[in-house]
Amino acid sequence: MSDYKSTLNLPETGFPMRGDLAKREPGMLQRWYDDKLYSIIREAKKGKKTFILHDGPPYANGSIHIGHSVNKILKDIIVKSKGMAGYDSPYVPGWDCHGLPIEHKVEQTIGKPGEKVSAAEFRAACRQYAAEQVEGQKADFIRLGVLGDWDRPYLTMDFKTEANIIRALGKIIGNGHLHKGAKPVHWCLDCRSALAEAEVEYYDKTSPSIDVMFDAVDKDAVQAKFGAAHVNGPISLVIWTTTPWTMPANRAISLHPEFDYQLVQVEGRALILAKDMVDSVMKRVGVTQWTVLGDVQGAALELMGFQHPFLAHVSPVVLGEHVTLEAGTGAVHTAPGHGPDDYVIGQKYGIETANPVGPDGSFLPGTYPTLDGLNVFKANDTIVELLREKGALLHLEKLHHSYPHCWRHKTPIIFRATPQWFISMDQKGLRAQSLKEIKGVQWIPDWGQARIESMVANRPDWCISRQRTWGVPMALFVHKDTEQLHPDSLELMEKVALRVEQDGIQAWWDLDARELMGADADNYVKVPDTLDVWFDSGSTSYSVVDARPEFGGSAPDLYLEGSDQHRGWFMSSLMISTAMKGKAPYRQVLTHGFTVDGQGRKMSKSLGNTVSPQDVMNKLGADILRLWVASTDYSGEIAVSDEILKRSADSYRRIRNTARFLLANLAGFNPETDKVKPEEMVVVDRWAVGRALAAQNDIVASYEAYDFHEVVQRLMQFCSVEMGSFYLDIIKDRQYTAKADGLARRSCQTALWYIVEALVRWMAPIMSFTADEIWGYLPGKRAQYVFTEEWFDGLFSLEDNQPMNDAYWAELLKVRGEVNKVIEQARADKRVGGSLEASVTLYADAQLAEKLTSLGEELRFVLLTSGAEVADYAGAPDDAQQSETVKGLKIALRKAEGEKCPRCWHYTSDIGQNAEHADMCGRCVTNVAGSGEERKFA
């Protein structure tokens, strides 16, 4: 017997079976950057319609975590898929570089500004630290395979960006949105600074819960309001609070104008309580017997005076809609210096905004003898005892509740009224315009719209000033006496911005006001405050996108961040853009969930369930990480664990194996000379190209909708089901045994070439390294990189009006599935070994029989059997297997007759009829020594 291996067209490719991504990817990255790949893409896409995904800047502090990886990979998938869709989609990554976390890190090494180092030295150290952090994070982001302008990212500490941030504030002032006020703001005692809404986190805390009695100044007048004939003892209005330390700042008591309040006689005094709260209060304070002396609505008690328990002033009753009956007494202790609602009602009634608390959280001198200099939280017990001594404490208990904490220090914060600068939500209609703009944006998922609408509708004015060292200065001058802004503020801010553009923010602190305004400087002082870092990042649609030429003056199309950014970057960006330009900075806003472990738990070092992206890349490669991100429905929580990543690695192997099979079977194929015209191709090859077209339509639509898990599912279905379990299986015989350059094989190779040309493009946005690797093994002339290409436009499909259309092949696949079941059973029964040892008879009804017989002799190639016949359904023997899924089909199997051909392994009766190839079947003789077999259908 001869060795016929040399006569077969065995698959051959240098494309490795194993990805070895962790080893290979760094070399590919090096080539990308040596070749300046990002510049190559920009050049290739020049002049096309732009799509701008504006990067929300991560904070330049610490190593990247798995959440950063999810975010950057999602962005990269979008940018690359937009490039494939024919857009010029530049991607400029950015970093948020000012602010408190960096100050803290620098303080740990060189001390606080003004102590061991000057403020200027401190800022220089902060700038240096931030630059180092950017470089570390940048290396990790690049390793993820994210393509962008890494040589020229935007940093909020770039001199030009710092200058543009000042200009952004100038435009907002010019539009009338800025005002100054001593409003209560979130204040961190450790930071000694105001905090933004997005810098506040809520944790459980135990606080003293107290009911306090304020005695009526004019008992008779109050008694008359209730129409009470006789009251035994003083009349007290009872408030409830969990912040005893705010009692020194109490200036009023709020009642709801429409709630009913009762005067209730208890032993030795009468209490005023909301009618609906009497029972719960009495139960709480342990009173079992009381008498109701009268009822009035809250409005009737307006401006009645009640004596502060330990200070000399009288607290009037004020009316507010913010009073609820959810807890307490229905009477709200009101300290305008320590609460937003209290402040609003204080403004309405012209009540003093008292703030007896210093920046470090201790009471200022002159507050009260036993309180001066005491930390507010430590003062709680002192105040409780003081109230007890004065006979004003009705009840004390401990309350476990959710309380605001500083995001950085994880310590409780307070509301504290300080002179601050605010962007007003209402004085120039910013709130109304923002709500209008929200409706014109596409929010993905769509619940994001209601979420940000609610936040904008209910948010207070934005406190944009901070008492920090490392930040962009507000660059304002105020009059020494009136504290009014300089009338030429906008002109002065531009002059400051020009200096900052040259020398950075230090230029502001080095500036002598006389240089800008001459003798007028004697009447003005420089505002020492810096801007909230959310102003820095929120203004980047102006300071970066408008300023950089590669964006061509276009507004951003998409912002993509975690779902916490509705109150963070999405909010600050919306406020600033609307305040500056009257319009939203984005057309689409897409949010992703947070990473959790395989059990749905939040990741934390204490639980030991964190997954490091660096470890994953070093072990499995970035493409596995990228495939995991794409495979996940990121609209909710994103689960990651070793097991989940292993599943992604398994999916990757299936896709890689498909690509390798395609490449290996394109050996010796040159599309310029060997490609077969569509109309001359074998029908099943045309069908396979059509399946690729259908898959591409679905995949492109899913990329367009940002449904990347749908992309992966469709890709897997195409590779594993449509190709792997059918087409790639049935073509092996023709591919390996047909004449090398005959039409039967070239038709097949043409289909494989079309398919892999499409497949490599589908993969490129997600499995970028592997797509680049495949690209290098594809036959034919092509661009240097797949990333400059567009979706493959060479695909075509079978026409529906043809007998052998998609519906025909779909039914044939079902028939093949039923035949496979019968073969598997025969193998289990040891009647046959492989499927080529079998010959089948398909007993079919007339309609199905017509379809099956149209394949003629080629039916057996579809079924992968040595013989296949079609017979009348009615004549089926008793042992024929009835199909459960294909109507009008029974299947009988017998062992194939004849001898096994050593070349093609088919069983046939025509072996030995050619003297030169005595042990070969007739078909193989034709393929080896003749003109090659003819195939029309399969």
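Positions of Cβ are set from backbone N, Cα and C atoms, glycine also.
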Motif ''KMSKS' region' range according to Swiss-Prot, out of 42-46, 352-356, 602-606, 827-831: 602-606
Which range of 58-68, 729-739, 905-915 is motif ''HIGH' region', per Swiss-Prot: 58-68
Same-chain residue ranges lying at least 6 outside the motif ''HIGH' region' (58-68) that approach it to Cβ under 8 Å: 95-97, 99, 101-102, 105, 130-131, 133-134, 136-137, 140-141, 155, 562, 594-595, 603, 610-614, 640
Rounded Cα-Cα span from Cys921 (Zn(2+) binding site) to Glu561 (L-isoleucyl-5'-AMP binding site), Å: 64
Per DSSP, three-state class assigned to Cys924 (Zn(2+) binding site): helix
Candidate nearest Lys605 (ATP binding site) in space, where candidates are the binding-site residues Cys901, Cys904, Cys921, Cys924 and distance is Cα-Cα: Cys904
Assigned conformation of Glu561 (L-isoleucyl-5'-AMP binding site) - DSSP reduced to three states: strand
Neighbour tally for Cys904 (Zn(2+) binding site), based on other Cβ positions within 10 Å of its Cβ: 22
Which of Glu561, Cys921, all binding-site residues, has a Cβ with the fewest other Cβ atoms inside 10 Å: Glu561
Zn(2+) site shell beyond Cys901, Cys904, Cys921, Cys924, criterion: Cβ within 8 Å of Cβ centroid: Thr737, Pro902, Arg903, Trp905, His906, Thr908, Ile911, Met920, Gly922, Arg923, Val925
